[in-house]
Amino acid sequence: MAVMAPRTLVLLLSGALALTQTWAGSHSMRYFYTSVSRPGRGEPRFIAVGYVDDTQFVRFDSDAASQRMEPRAPWIEQEEPEYWDGETRNMKARSQTDRVDLGTLRGYYNQSEDGSHTIQRMYGCDVGSDGRFLRGYQQDAYDGKDYIALNEDLRSWTAADMAAQITQRKWEAAHEAEQLRAYLEGTCVEWLRRYLENGKETLQLTDAPKTHMTHHPVSDHEAILRCWALSFYPAEITLTWQRDGEDQTQDTELVETRPAGDGTFQKWAAVVVPSGQEQRYTCHVQHEGLPKPLTLRWEPSSQPTIPIVGIIAGLVLFGAVIAGAVVAAVRWRRKSSDRKGGSYSQAASSDSAQGSDVSLTACKV
C-alpha cells in the first residue's frame, strides 16, 4: 500500500542549540495514519495523529467539520498559521493517495468492492538524551495485518506477502527508502528537537509511579501477589518479580502498560505463590521518574488481602468496561495509525510552514 508520507517539513533549528541541548532519556516522534473505506457512504475516512513520546500533539480527521490539522497540546499552538495550512494540505493530499491505494490493494487481493478495508501506517524517529538520531521506522498494514515495513538499516524493505512484494518493487524502483531515510535522519529529528524544546515544561517532566502490592488468596495452598504501578509518566516502566533474588519471568503474569485517562499510565505484574511463602517474593520497579529502583515486599499488616471470589466478581464488571474501552481503542487505533504510501521524493524545505510529517510526492502501492 502506498506509504503514507509524513510531510517533509524541514525545520532548521540552530544546529549548535540542538546538539548542546540535553534531555533526560530518549524521546520519540511518531505519526499514525489510518484510512477506512466505506462503500456506498462516500470517501474513505482518513485520520492522522502525531505523538511526541506519549503525548498527542496534532490530529486530523477527514470527517471533522474543520477539515484541518488541529493542535492537541498547548505547546504546538504557538506554530504560525502557515504551519497549520501546510499540515492541512498535506493531510488532504495524503487522504486522496490513500483512497487510490485502497482500490489498488483491493485489486492485489482480488477483493470485491462491497467490503470495508483499512490501511494503516506508523512512522517516526527516536533521539537520545543528547538529541542525536537513534533509530527510524515505518510500518504499513492492510486490514489489520502486516503489509510492508522499512528495515532497521533504513535502506531495504520487508514485504509480508506476494501483494506487498509488488509494492516493494515499485518503491525500490522509486528509491523510496533513500528518501524516507533522509526524512527520518534529518527532518524528523530536527522537528522532534524543536518540539521537545517548545514543550519542555510538560514533555520533559516525569511522574514517578505510585506503587503498592495486593494479596489475593486462591485456595488454602496458594495466593496471588499483584504488584501495582499507578500514575506514572512516561509510559516506559519495568516490573520484575523475584523469588529469593532470582527472576520469575516465566511465572509472571504481566499486563501491557495502559493509559489512566489523565495523561499518566498504569501497569501491574502478578505471581502465584505458595501460602506462607509470600516473604520470599519481591517486586522490583524501574522508571525514569524514580531516583533508584524500588523493591516491594508483601507486608500483611499494612496491605489489603482481597478474596479471589471478590476479585472475580469485580473483574466481570471491570472486564465489561475494559472490553468496551478496548473496542473503542482498537477502532481509534485503526483510524489513527493508518499510513498510505508516500514517495519521499520532494526536496526538503526549510520553511516551517511545512510541518514535521512527511509531505513528499506520493509513491503508490
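Keep in mind that glycine also has a Cβ here, set from the backbone N, Cα and C atoms.
Not measured: the values here are computed from a predicted model.
Residues annotated as topological domain 'Extracellular' in Swiss-Prot, with sequence analysis given as evidence: 25-308.
Positions annotated as N-linked glycosylation site by Swiss-Prot: Asn110. Neighbours of Asn110 (N-linked glycosylation site), defined as other CB atoms within 10 A of its CB across all chains, total 7.
The region 'Alpha-2' annotation in Swiss-Prot covers 115-206.
What Swiss-Prot records for 209-295 is domain 'Ig-like C1-type'. If you average pLDDT over the domain 'Ig-like C1-type' (209-295) in this model, you get 95.
Sequence annotations record features per position, and here Swiss-Prot assigns transmembrane segment to 309-332.
The topological domain 'Cytoplasmic' annotation in Swiss-Prot covers 333-365, and the record cites sequence analysis as its basis.
Annotated region 'Disordered' per Swiss-Prot: 338-365, in sequence order.
Residues annotated as compositional bias 'Low complexity' in Swiss-Prot: 342-359.
Sequence annotations record features per position, and here Swiss-Prot assigns phosphoserine to Ser343 (among others) based on similarity to another entry.
Taken from Swiss-Prot, the feature phosphotyrosine applies to Tyr344.
Swiss-Prot lists Ser345 (among others) with the feature phosphoserine, giving similarity to another entry as the kind of evidence.
What Swiss-Prot lists as phosphoserine is Ser349 (among others), and the listing cites similarity to another entry.
The phosphoserine annotation in Swiss-Prot covers Ser350 (among others), and the record cites similarity to another entry as its basis.
Per Swiss-Prot, the feature phosphoserine maps to Ser352 (among others); the stated evidence is similarity to another entry.
In the structure as shown, the Cβ atom of Ser356 (phosphoserine) sits within 10 Å of 31 other Cβ atoms. Positions annotated as phosphoserine by Swiss-Prot: Ser356 (among others).
According to Swiss-Prot, the phosphoserine annotation covers Ser359 (among others).
Across the structure, Asn110 (N-linked glycosylation site) and Ser356 (phosphoserine) are spaced 36 Å apart at their Cα atoms. DSSP assigns Ser356 (phosphoserine) to coil, not to a helix or a strand.
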